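**Q** Here's a structure for you.
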Amino acid sequence: MLTRPAWLAVFSLATSALAASDDNPRNLTKIHEAGRCALRGQCGQQSFLGGELPCADNGLAEKPDDGLKDLLVEVCGEEWNDSDVCCQEEQVEALKSNFGTVNGILGSCPACTKNFFNLFCTFTCSPDQSLFVNVTDTAEKDGKILVTELDQLIGVEYGSGFYDSCKDVQNGAVGGKAMLFFGNSKNYTQLLHFLGEKRTFGGSPFQINFPRPEDHEFEDMKPILYESKACNSSDADYRCACVDCENSCTALPDIKSDDECKVGLLPCLSFGVVIVYACIITLFVLAVSGHIAAAKRRKSRNERLQLLQDANPDDEEDDRDVLHGSGGAMERPTKHYTVNTYCDRAFSALGRTCANFPAITIVTSVIIVGLLSIGWMRFEVEQDPVKLWVSPDSDAAKEKIFFDTNFGPFFRAEQAFLVNDTNPEGPGPVLTYETLQWWFDVERRVSVLKSDENGYTFDDVCYKPLEDDCVVQSITQYGPFAGNGLDKNSWEKDLQKCADFSGDLDCLPPFKQPLPIERLLGGYNRTTEPVTDASALIVTWVVKNHNVGDPGLEKAAEWEDSLNRLFLSVQEEASERGLRLSFNTEISLEQELNKTANTDAKIVIISYVVMFIYASLALGSTTVTLSMILRNPVAALVQSKFMLGIVGILIVLMSVAASVGLFAAAGVKATLIIAEVIPFLVLAVGVDNIFLIVHEFERVNISHADESVSDRIARAMGRMGPSILLSASTETVAFALGAAVGMPAVRNFAAYAAGAVFINALLQVTMFVSVLALNQQRVEAGRADCIPCLKLQGGADASMPNGYGGAPFSGVEEEGWLSRFIRKHYAPALLGNKTRIGIMMVFLGFFAAGVALLPDVQLGLDQRIAIPSDSYLIKYFDDLYDYFGAGPPVYFVTRGVNVTQRPEQRELCAKFPACEQMSLANVLEGERRRSEESFIADATASWIDDFFQWLDPGQIECCVDDGKPCFEGRMPPWSSSLQGRPVGDEFMHYAQRWLNALPNEDCIFAGKAAYGDAVVLDNETTTIHASHFRTAHTPLRSQADFINSYASARRIAKDISERNDGIDVFPYSKHYIFFDQYASIVDLSTALVGGALAFILVIVTALLGSLATGMVVTVTVAMIVVDIVGTMALVNVSLNAVSLVNIVICVGIGVEFCAHIARAFTIPSTSILERAPSKFRGKEARAWAALVNVGGSVFSGITITKLLGVFVLGFTKSKIFEIYYFRVWLALVLWAALHALVFLPVALSFFGGAGYVDPESDGGLEQDLASRRYRALLPDDAYDSDEY
């Protein structure tokens, strides 16, 4: 840190040293020649507060006595050993004293120090002083002529070389450039002007002007200093380290560019997809053109050859001839698939058993679910973001534990922005005397604020680096204001001074660490505008953090809660003043996220209720029509299935409860995502299966009305059971695959989802089947729905087999309006040849567009999205990005490095020529110089360099033993080659002393304030167990910045570790733990989806007995996922852990949409297949049968159910729900429905595999006759004549 002597050393040096060199009332220096002086000695002070002024003396230079000569050689170098001088001993003593302090600022760069010393030694003692010094003004006092103003000639070559050798010198104690001590000079003229400016405090006691020799004529005068030492000098005695001299640096290797490959404005992937799709379309157009030409030739030939018929085949038939050859009888499956046959028998037996023993099945199911639900007693919701989104085995998690264990958890920050942006004309200055007076009082109120419960104050919880004063980063803490209040007349000047020179002793806050202005004010140009133009005032209260379970953590949270309430009241005060206050405390985000969860819970519950009601009503509509209600309301009450729908929904909830209980008992914590998503997911799967079972059972009631209920249940389950097995197994495996992921939120979700889907499937094929059997018995007994004990009078008709279940005798049609629409209109239109080709091209285009959009999916999760849209934190995060001019601190941490030995010291340090060129500190300095790529902005606070500078014998006030510097006179002597520095136990001894030493005005390198918690000594093993090197990122203003800064820090740490065998380095910043996921999330997403698709292919192929059909289903699911991800790019949904969970859901739901249609295609129902229009053959006929069989169930059972639920989510106030659930799930439902109901049947008709005989349809002549008999009794318009 910078202290007053650090200032005064320079200016006092330009005082006593200059005091020996400046005075001439215009013509007092009469003679300008070699060997003659212009001033000499000290003549006293001009004022009480002023410094010593030199005496005007135009006499000859004199030979120094031995004492003066020895002192001069000691201070200025051997070149003064044989020279006359124009100075006296007291002047050289003053030089020595001042050089000691200046050496603390510039001493790490020998060239800069040499040039600085040469300038003032020459100025003070040169025998040719009159050649370059001309006294221009004097004052008389006590008979002496005091110099008050002079001109000094410095050559351009020396001046620029002097500045260039010093401009990059770093001061680790303050984390900035040493040039800040010299007015932050930008060139040598500014530097010389600063050194020569007359100031009562912290400057020269007289005015020194530095006119340019080439701009004026100076008779008999000339500069005598021309050649300066370059900081990259080949002379090892003067060569500066890389950290202090850019030209000394070894160029870092170029960063391997990860720039996206582009062709023009398009990413290469997108360009490639466009080209490939264009080629496919071109080939298609050529093929169609060739086909049309060939058709015309055939038509012409047929016309010439036609003798017996006038009509030619239409285009549709001609097209079909091309696709199928010369026609022939419709192909029907003739083979059995063994796996399907066994599955059919197993599910038939299971269904019969459950129907015969419904009470036992239901009670057993409830007991099992109840036992599993006991695990709810151990139910816990994980709310810690770190434990949610970061794998405990990841490097980031392990490194955070290491950092927190050794250095303590990162500070808690309470931050406020006071902004003047309420004026419609735009932002204005926020700093006025009245505003600051009020704000001073606000900070006072914060300092005395007591928490409600235990009365904790800021002093009880704050961070105190020196164990006395709390850290508050505010302009009120600058020296002129801290404890003194605001001076109405000088506050602007004082503030500007501290903004320019934050390291000045007068500006240091009570905790003695500089406050960079970019952390305190924003909204103005710091290089061209005064601080009073700032439109934002920034204040940060730093609170000491603690590990979980530490009482100090609860203490801090309690005080922060009180601070929140205070800030809310201050917001109103600010508004009355025409200002705006935004703020954030460490607990604010958690509180606002909980508020979001409470808001979301209502929306989610409403969404589920809407889906529940629809599902219950839709199930009843399978047998209850409007005409029935009007014609026979009693029959409608009996035929209703509302209670059955309610039971189906209850089974969904039971499966969720059982899964949660099972995994809670196993110690797997739930998350809010699980609570919000799992019911939605299982409902999507469960309702679809329920619709399939009920619809199939209604068909069996039609075709086998004379059989018992249990036999009909067995037939329906034999048909639908394998289909449910297919979808449930693929979904369970797809979700279970996610359980192998290290990210807890994804892993836990996958486990809960897999368990819920699996248990739901088991309950549906057991408990629900039993309830369905009981419901059918109720219907056939003529009992009312929902009130089964009520038997409706005149309800049952003895002439109707199976009562109201005996359709078609009951007058109940087999088909609803949706099924009829699909059979008569949709399926025939969809499977027409031209339509099929068009659909393939369109969906291939959708897929190509999705692939092309993949590179545009952004990474990250903006915190502003995760909180309610009306949260006070929204404005805070906006202000943080807009006004905060500093980036977050970043620490490069060393583990177990034996710094007590010389090789490791060289691999860490940077301030000395003997340090390795690619040492840790040197690499960080090199990265700082390319901050646009590295995101490293600040000079590194290198503890090893500052420790060695504290030990430097030249720092006479730092390490002192028995009144003299600790390492003075040591053998081997102290040198820039690192010789003479401590190793082993001696290193540990002095390191401990340094870490306990408090910095002061005489020694700025003491380690207590800057490094007290940065170095962990291990005395038992005589090594440094852990240490960190602190720097800071550039301002990070977007998610991409945060992600890239983490990636860059990882790259830098890896590079340092690889180049230095003796050290192990990792980067740490508070935000890294949350952005670690993005280092692998793309690969993780690809692996999860790829693995799930692979399992889908294997399972579908195994259960359906066709690799071709398995490939079609897998490709369709892949297309669904790609199109959804492409949609994410269009609707600004970024990829993060939340959307990754949704992508996993997309795979599972996509399978649910496709699996039943694929199985209905592979194992078609014979009774439906034989109704296919005669124009459809083979695969086309089976695709038609699949749509007719299960298309209605997929549409009404899952598509409509999900759409209703998703639309409700659109009314949420939570941005995260609106973006990551509403948008993604809406895209999921739409894309999955389109692919399952449009693309998949068409793709199967082209590329599907072989079909197999349905065992349930293999009933021989008796079943065939019965089926035909029942169809004959259907209304005449039920089937078109050409379809039967």
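Along the chain as shown, the residues are counted starting at 1.
Here the Cβ of each residue, glycine as well, is placed from N, Cα and C on the backbone.
Predicted automatically and left uncurated, TrEMBL annotations should be read as such.
Straight out of TrEMBL:
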DOMAIN    600-774  domain 'SSD'
REGION    308-328  region 'Disordered'
SIGNAL    1-19  signal peptide
TRANSMEM  269-294  transmembrane segment
TRANSMEM  355-377  transmembrane segment
TRANSMEM  605-630  transmembrane segment
TRANSMEM  642-666  transmembrane segment
TRANSMEM  672-694  transmembrane segment
TRANSMEM  724-743  transmembrane segment
TRANSMEM  749-774  transmembrane segment
TRANSMEM  837-855  transmembrane segment
TRANSMEM  1084-1104  transmembrane segment
TRANSMEM  1111-1131  transmembrane segment
TRANSMEM  1137-1162  transmembrane segment
TRANSMEM  1224-1247  transmembrane segment
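Show me how these features fit into the structure around them.
**A** Long-range neighbours of the transmembrane segment (837-855) within the same chain, counting only residues 6 or more positions beyond its ends whose Cβ lies under 8 Å from a Cβ of the stretch, are 260, 266-267, 269-270, 273-274, 276-277, 280-281, 284, 288, 830, 1119, 1122-1127, 1129-1130, 1234-1235, 1238-1239, 1242-1243, 1246.
Within the chain, the transmembrane segment (1084-1104) has long-range Cβ neighbours (under 8 A, six or more residues past its boundaries) at 337, 339-340, 343, 722, 725-726, 729-730, 733-734, 737-738, 741, 743, 1110-1111, 1113-1114, 1117-1118, 1121, 1135, 1140, 1143-1144, 1147, 1151, 1155, 1158-1159, 1162-1163, 1249.
A Cβ distance under 8 Å defines the sequence-distant neighbours of the transmembrane segment (1111-1131), meaning residues of its chain 6+ beyond its ends; these are 843, 846-847, 849-854, 856-858, 1089, 1093, 1096-1097, 1100, 1139, 1143, 1146-1147, 1150-1151, 1153-1155, 1158, 1219, 1223-1224, 1227-1228, 1231-1232, 1235-1236, 1239-1240, 1243-1244, 1247-1249.
Within the same chain, residues 680, 827, 830-831, 835-836, 839-840, 843, 1108-1109, 1111-1113, 1115-1116, 1119-1120, 1123-1124, 1127-1128, 1131, 1133, 1139, 1142, 1145-1146, 1149-1150, 1153-1154, 1157-1158, 1161, 1179-1180, 1182-1184, 1186-1187, 1191, 1194-1195, 1198-1199, 1202-1203, 1206, 1209-1210 sit at least 6 positions outside the transmembrane segment (1224-1247) and bring their C-beta atoms closer than 8 Å to a C-beta of that stretch.
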**Q** With CB pairs under 8 Å as the measure, which of the listed stretches 269-294, 355-377, 642-666, 724-743, 1137-1162 comes out on top against the transmembrane segment (749-774)?
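**A** Counting Cβ pairs under 8 Å, the winner is 642-666.
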**Q** For the transmembrane segment (642-666), give me same-chain residues lying six or more residues beyond its boundaries with a C-beta closer than 8 angstroms to one of its C-beta atoms, as numbers and ranges.
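**A** That would be 365-366, 368-369, 372-380, 612, 615-620, 674, 678-679, 682-683, 686-687, 690, 694, 748, 751-753, 755-757, 759-760, 763-764, 767-768, 771-772, 775, 785-786, 788.
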**Q** Out of 269-294, 355-377, 1137-1162, which stretch touches the transmembrane segment (724-743) the most, going by CB pairs under 8 Å?
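**A** Answer, by Cβ pair count: 1137-1162.
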**Q** If you average the pLDDT over the domain 'SSD' (600-774), what number do you get?
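**A** So the average pLDDT across the domain 'SSD' (600-774) works out to 80.
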